[in-house]
Amino acid sequence: MAKIGNIDVGDFPLLLAPMEDVSDPPFRALCKEQGADVVYTEFISSEGLIRDAAKSVMKLDIYEKERPVGIQIFGANLESMLQSVEIVEKSGPDIIDINFGCPVKKVVSKGAGAGILKDIPLMVSLTEAMVKHTNLPITVKTRLGWDSDSIKIVEVAERLQDVGASAISIHGRTRVQMYKGEANWAPIAEVKNNPRMHIPVFGNGDVDTPEKAMEMRDKFGLDGAMIGRASIGYPWFFREVKHYFETGEHLAQPTMEERLDAARRHLQMAIDWKGEKLGVFETRRHYTNYFKGIPHFKDYRQKMVTSDDAADVFAAFDEVEKEFAGYEFV
Ligand SMILES: Cc1cc2nc3c(=O)[nH]c(=O)nc-3n(C[C@H](O)[C@H](O)[C@H](O)COP(=O)(O)O)c2cc1C
């Protein structure tokens with residue numbers, strides 16, 4: 001049974017990865033319904049939070065129904081990170097996660113995200129200070145290292161544990177790799193096999209089939225799987241993995257009815273949360289996957305992703321319901 005601080009997260013938990021513009025409250029709620037054991041917000045800038053930038057502050061919203069939920073923050077300045085911890089605490093998350101893995105230039109160039117992999121002492125001291133500054137569990141999400149010549153993740157993970165991190169999620173790529181190539185889980189298994197490690201070690205990167213999740217558990221011996229891209233527009237991935245673990249069989253894909261229900265609720269929750277304009281805009285990226293595989297679907301998808309008006313998108317869902325009722329996804 002894995003535990004993050006005092007929070008019981010079950011046996012081999014499935015974690016929804018933090019994803020910018022994806023892991024928002026509506027999407028997290030849908031993933032939770034479909035079996036995600038822990039969900040994380042997208043990364044939130046500590047500098048934005050302390051400036052009270054509206055966009056950053058809005059990202060702090062959480063729904064009761066998605067717990068346990070972790071709020072992820074990034075930054076490289078100690079004072080800003082500590083102030084952010086205080087701001088984040090007010091939203092009542094169960095966990096605070098530090099992003100030490102984001103590879104994008106604008107983050108890395110400020111020494112934040114994966115940029116900190118070039119300064120391990122700072123990574124450790126920031127984590128320690130944050131742990132001391134809050135009673136909430138602090139978790140860390142990071143990558144294997146800066147590049148293939150600097151993979152010291154076993155030592156780094158142990159040091160983060162020793163200063164009080166409650167769990168670590170490791171994406172099996174270096175910063176230099178960005179998202180290229182295949183994720184390498186072997187170094188993550190080395191972290192887990194370190195006899196001194198006692199906090200949960202979660203694996204991340206390329207888990208896109210139930211078999212891969214099982215491999216992460218049984219072959220690599222990790223404590224849980226963090227899932228990102230496979231869930232975009234497909235929150236059912238979590239239940240499919242769980243079903244496979246329980247039965248060794250693949251669950252049938254969600255029906256048209258379930259997909260339409262998810263799409264409608266997703267859009268409605270997004271509108272309720274951030275208003276029609278943004279709600280319509282930000283749910284668009286999910287529709288391709290919600291309705292993937294349906295032949296001659298282009299016109300319907302086009303309506304869903306180009307209309308600025310929620311009523312038009314809902315009307316497109318109604319048309320799909322009429323046209324494709326009972327369609328079997330294989
Ligand atoms: C659209 C998108 C946005 C992401 N945003 C974040 C983020 O805000 N914070 C973070 O730690 N990782 C972020 N990531 C990285 C994912 O959390 C994850 O580490 C990566 O996608 C690998 O896992 P996967 O193969 O299961 O997708 C993002 C990834 C994607 C695809």
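For all residues, glycine too, the Cβ spot is worked out from N, Cα and C.
Automated prediction, rather than curation, is the source of TrEMBL annotations.
In TrEMBL, the FMN site is described by Q72, H171, G228, R229, and among K105, K141, K192 the residue recorded at this site is K141. Spacing of K141 (FMN binding site) relative to C102 (active site, proton donor) is 9 Å (Cα to Cα, whole number). C102 (active site, proton donor) sits 15 Å from R229 (FMN binding site), taking the Cα positions as reference.
Its own atom aside, the Cβ of K141 (FMN binding site) has 27 Cβ atoms within 10 angstroms in the protein chains shown. On its own chain, H171 (FMN binding site) has G101, K141, T142, R143, L144, A183, N204, G205, M226 as residues at least 6 apart in sequence with a Cβ closer than 8 Å to its own Cβ. The average pLDDT computed over the domain 'DUS-like FMN-binding' (15-313) stands at 97.
In the three-state DSSP scheme, G228 (FMN binding site) falls into the coil class.
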